[in-house]
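Asks: To start, I am sharing the structure in question, which I have written as structure tokens.
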Ligand code: UDP
């Protein structure tokens, strides 16, 4: 698999570590160490982070979904600011783009500016999802990966690949080494949400699923060595 330019998705929960809420500094520092290895090796790295460690739009029935989703999008911005700062402390240069204006905190997304960031060796954060309610950071990463001509999407998860059934429930669950996006959709396997899956299928964007907590899993994935599942187009 080619990995000249990759987009890495981290879930909000992954940032929270064992605490499940907020940030776990040690977890993020370890991600930073591995991303730096890849940046130093010349890989162009984009990052998309979820918001589940703070808020999900569907968390509340008490408020309007559009407003709840706005809170969720802002949670992803907070996550990107935090992770970007940890990355800077680890010696990397970073840039955060959002699809809506956030004053001095982020830059408004533009393909040209993001390309410049990649080419100049900065880690490019795509915060704020798509900027629209009723979407997710899965759709956000699919959109940006396609738009920025990334080679693939890397999904660092709390599970080491895609299984034919939930291994927590079924001890005989089998892990796929490779699977097509069409099969993922047909079998309703949890890789990314349906909207994101369809976008990746339509635009031929491969994905790789691996365990966030595997030693050097991110650094290896960024060199094309996937110990997990390749989702092919
Ligand atoms: N969100 C949104 N539009 C986007 C991206 C995210 O409205 O383009 C909101 C939505 O409320 C979501 C929350 O931000 O629940 C956090 O994003 P994430 O993808 O982590 O949500 P999840 O898929 O876990 O609900």
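Placed from the backbone N, Cα and C atoms, the Cβ positions cover glycine too.
What you are looking at is a predicted structure, and each value in this text was computed from that prediction instead of being measured.
Below are the features I grabbed from TrEMBL:
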- 4-211: domain 'Aspartate/glutamate/uridylate kinase' (DOMAIN)
- 9, 10, 11, 12, 52, 56, 163, 166: ATP binding site (BINDING)
- 51, 69, 130, 131, 132, 133, 134, 135, 136, 137: UMP binding site (BINDING)
Asks: For the binding-site residues 9, 12, 136, 163, which sit with their CB under 6 angstroms from an atom of ligand 1?
Replies: 12, 136
Asks: Return the residues near residue 166 (ATP binding site), defined as same-chain residues 6+ apart in sequence whose C-beta is under 8 angstroms from its C-beta, sorted by sequence, else 'none'.
Replies: 173
Asks: Please report the number of other Cβ atoms within 10 Å of the Cβ of residue 130 (UMP binding site).
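Replies: Around residue 130 (UMP binding site), other Cβ atoms within 10 Å: 20.
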Asks: If one measures from the C-alpha of residue 56 (ATP binding site) to the C-alpha of residue 136 (UMP binding site), what distance in angstrom results, rounded to a whole number?
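Replies: That comes out at 9 Å between the alpha carbons.
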Asks: Return one of helix, strand or coil for residue 11 (ATP binding site), based on DSSP.
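Replies: Looking at the DSSP assignment, residue 11 (ATP binding site) belongs to neither helix nor strand, so coil.
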Asks: What whole-number value in Å do you get for the largest C-alpha pair distance within 9, 10, 11, 12, 52, 56, 163, 166, the residues recorded as binding ATP?
Replies: 25
Asks: Under 8 Å Cβ-Cβ from residue 52 (ATP binding site), six or more apart in the same chain: what's there?
Replies: 11, 12, 13
Asks: Among residues 51, 69, 130, 131, 132, 133, 134, 135, 136, 137 annotated as binding UMP, what is the maximum Cα-Cα distance? Answer in Å.
Replies: 14
Asks: List the other residues in this chain whose Cβ sits within 8 Å of the Cβ centroid of the UMP site residues 51, 69, 130, 131, 132, 133, 134, 135, 136, 137, in sequence order.
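Replies: Counting only non-site residues, the set is 57, 72, 73, 129, 139, 140.
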Asks: Any idea what the Cα distance is from residue 132 (UMP binding site) over to residue 163 (ATP binding site), rounded to a whole Å?
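Replies: Between the alpha carbons of residue 132 (UMP binding site) and residue 163 (ATP binding site) there are 31 Å.
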Asks: Take the C-alpha atoms of residue 136 (UMP binding site) and residue 10 (ATP binding site) and report the distance between them in angstrom, rounded.
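Replies: It is 13 Å, counting Cα to Cα.
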Asks: Which residues of the same chain, at least 6 positions away in sequence, have a Cβ lying under 8 Å from the Cβ of residue 51 (UMP binding site)?
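Replies: Result: 12, 72, 73, 74, 75, 76, 79, 137.
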